[in-house]
C-alpha cells in the first residue's frame, strides 16, 4: 500500500500516516516496525525518551538488508529530550540518536517539550524531595542549535512537539529555519481547532499523537467507544480507530497511531478507500471537550515557566 504524503514548508514530503512507538514493551517494538514496513508504512516516529531507538534501527536495517526498502524510502522522526535543551547538548543528543538508529541522518528532529530539565543524560532528574529539577534553558536558543543540525546534515527538517501557540510564535520570531510541524495530542475529544488553524496560518503541519486516544482522567469514556464513532464506523464497515484516524487526515493532520499488534498495525493504514461526509465530520468534531480530553498532561512539570498547558494552547 502506498501512503499519500504532505509537503512541508521546506519542500520535504512526509507520509500522512506513521507508526508511533511510545510506550511499547521492549522486544516488541522491533517486530512492530518490521510488520509496519511490510504493511506499507514508510514513516516511523520515535524519541530518545522512548528508549527504543536501537530496536527501531535494527528493524530498519534488516528491512534494508532484505531489499524491502532503501534508507531514502523510510521517513524517520526522533525528538530532543528535555535534559538536552542547552545549546551545546543538542548536537551530541542527536548524534546519540543517530548512533542508536544506525543512520547518518534523521528526516525530522523535534524539540519534544518546551520545558527543560537539568542538563545531563538523566532523563528525569529528581531532587532529594522527589521533585523534578528544572532548567531555565531558553527554547529559542535550543532552536538555534537545532538549525545548526540541519546545516550539518544531521537532520533534513526540524520541528516542535507540545508547544502552545505563544511558544510557536516565539520560535517563528527568531527562526532562520522554520519549524515544519508541531506534534501534539489530537483526537475527537481534543480537537484543538484554534491551534490547528494557527499552525495552518503559519505554514506548519500538525502531527497528531494519540489520535486513537485512551481515556483521560476527566472524560468518562474513550472516544473509541463513543456511540457517535461506533455508528459512523458501522456505516462504512470500518473500525472505530479507522474513523478516528480518517477524521484527522481529512482535517489535514498527519497521524502516528501506535500499536504492536500486527492486525491493528495493518488496519490503521487502511484509510484511503473511504471518505467521511461533511455531516460525519461535524458529528465527530462536536465530540470535542477541550482540555478535559487531554490524556498527556505532564502535570509534574506544571510549575515550570515553559509548561505549555498553563496558557491557551
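Glycine too: its Cβ is placed from the backbone N, Cα and C atoms.
Automated prediction, rather than curation, is the source of TrEMBL annotations.
Under the heading domain 'NADP-dependent oxidoreductase', TrEMBL lists 26-287.
Annotation source TrEMBL lists active site, proton donor at 50. Other Cβ atoms within 10 Å of the Cβ of residue 50 (active site, proton donor) number 21 in total over all chains.
According to TrEMBL, the feature site 'Lowers pKa of active site Tyr' maps to 79. Non-local contacts of residue 79 (site 'Lowers pKa of active site Tyr') by the CB criterion (under 8 A, 6+ apart in sequence, same chain) comprise 46, 47, 48, 49, 109, 110, 111, 112, 161.
TrEMBL lists 112 with the feature substrate binding site. Around the Cβ of residue 112 (substrate binding site), the number of neighbouring Cβ atoms within 10 Å comes to 21.
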Secondary structure at residue 50 (active site, proton donor), reduced by DSSP to three states: helix
DSSP-derived class (H/G/I helix, E/B strand, else coil) of residue 79 (site 'Lowers pKa of active site Tyr'): strand
